Each structure stands twice: as C-alpha cells, then as structure tokens.
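S.K.: Structure below; questions to follow.
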C-alpha cells in the first residue's frame with residue numbers, strides 16, 4: 001500500500017479497504033492502517049524518532065476517533081484509541097533507554113492480534129536504530145531489528161515481518177544480507193514486484 005500510494009490519505013484509505021476483506025473489527029483494520037503509515041513515513045526517511053511517532057500518533061488519533069473504532073475497543077474491553085495509547089508508550093520506552101523484555105511484552109505484547117503486534121514491530125524498528133546489548137555489534141540496523149523481534153518471542157514471524165518491512169523501507173535493500181535473500185522463497189520474483197511498485201510510486205501525479 002505504502003509503495004503504491006504516496007499520499008498519506010490514500011495510504012489510510014487503501015490500507016483500510018484491503019484489510020476489511022479479512023478483518024471486520026476495527027482493531028484489525030486499524031492495525032493495518034498503522035503498519036502502512038509506519039512504512040509510509042519510513043519511506044520518506046523520517047529519522048527523528050520523536051517526529052516519526054508524532055506523525056503516527058496524529059494520524060491514528062484521527063483514525064481511532066470514529067464511532068466504530070470507539071465501540072469496538074469498548075466491546076473488547078480496551079480503552080479509547082488503543083493504538084494511539086501504545087504509540088505514546090513507545091515514546092516513553094525510547095525516552096527511558098533501557099527497557100526490559102518483560103515490560104515490552106506487558107505494555108505492547110507479542111501476539112498475533114494487530115494491537116499486540118503492530119506497535120511492537122514499530123517499537124522494535126525504532127529501538128534498533130541504536131545498538132542493543134544482546135545483539136552482536138556486527139549486525140546492521142535492519143538485521144538488529146529482525147533479531148530483536150526474535151528475542152521478544154511469541155508470534156515472531158508476524159512481528160519480525162512487519163518490523164522488517166518498516167526497516168527495509170527506511171534502510172533500503174542494501175542492508176538485507178545476500179544470504180537472507182537467498183533463503184527467502186521466490187525472492188527474485190519479489191524483488192521484481194518491489195521494483196515495479198517503486199517505479200509506480202515515483203511516477204509524476
């Protein structure tokens with residue numbers, strides 16, 4: 001979505017439409033919107049973590065203000081604007097610097113549900129802009145992001161995939177080790193599709 005549409009309103013619109021095919025509850029499709037927005041701002045090269053979060057919070061507070069989002073959150077026992085709340089918690093974690101794995105899991109989660117995975121993926125990306133004591137210094141930022149997601153446990157493939165998409169959009173394919181590419185199924189075809197989307201993204205309006 002974020003490669004196909006450069007306008008943020010289009011990103012939100014089409015992320016929601018695509019997710020509604022499989023997610024009737026707003027927490028599902030709002031998670032898809034948040035993931036698409038994170039990739040959108042990563043593609044634009046926003047390297048300031050506070051500004052990156054400011055953009056996401058501003059957009060998600062608007063997304064989560066509609067009646068269905070409020071009703072769905074209440075029905076499932078969550079507070080209003082649950083994604084926005086977790087984005088603000090991410091800011092607190094980044095300001096703290098050192099945050100335990102248990103605190104990350106308690107506040108953000110590591111499950112398959114969007115609310116317990118998308119914010120965790122975003123935190124992983126932002127946290128791994130800096131070194132981590134449990135990850136080798138030889139790893140670049142993208143590798144570090146993926147490894148951090150694995151260290152969190154839980155639904156690692158979902159969270160690492162989303163965090164990897166954000167990190168990949170930000171750092172570019174240069175940080176993807178060749179051996180990682182070769183281990184991915186149909187990676188050559190995927191690269192062709194990505195190149196096509198990139199060209200579409202940069203077409204004049």
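Glycine is treated like the rest: Cβ placed from N, Cα and C.
Since we're looking at a predicted model, the values are computed, not measured.
From TrEMBL, for reference:
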BINDING   155, 157, 158  Mg(2+) binding site
S.K.: Within 10 Å of the Cβ of residue 155 (Mg(2+) binding site), how many other Cβ atoms can be counted across all chains shown?
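M.R.: The Cβ of residue 155 (Mg(2+) binding site) has 18 Cβ neighbours within 10 Å.
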S.K.: Which residues, same chain and not among 155, 157, 158, have a CB within 8 angstroms of the centroid of the CB atoms at the recorded Mg(2+) site?
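M.R.: So the extra residues in range turn out to be 112, 117, 154, 156, 159, 160, 161.
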S.K.: Same-chain residues six or more away whose CB lies under 8 A from the CB of residue 157 (Mg(2+) binding site)?
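M.R.: Listed in sequence order: nothing, so none.
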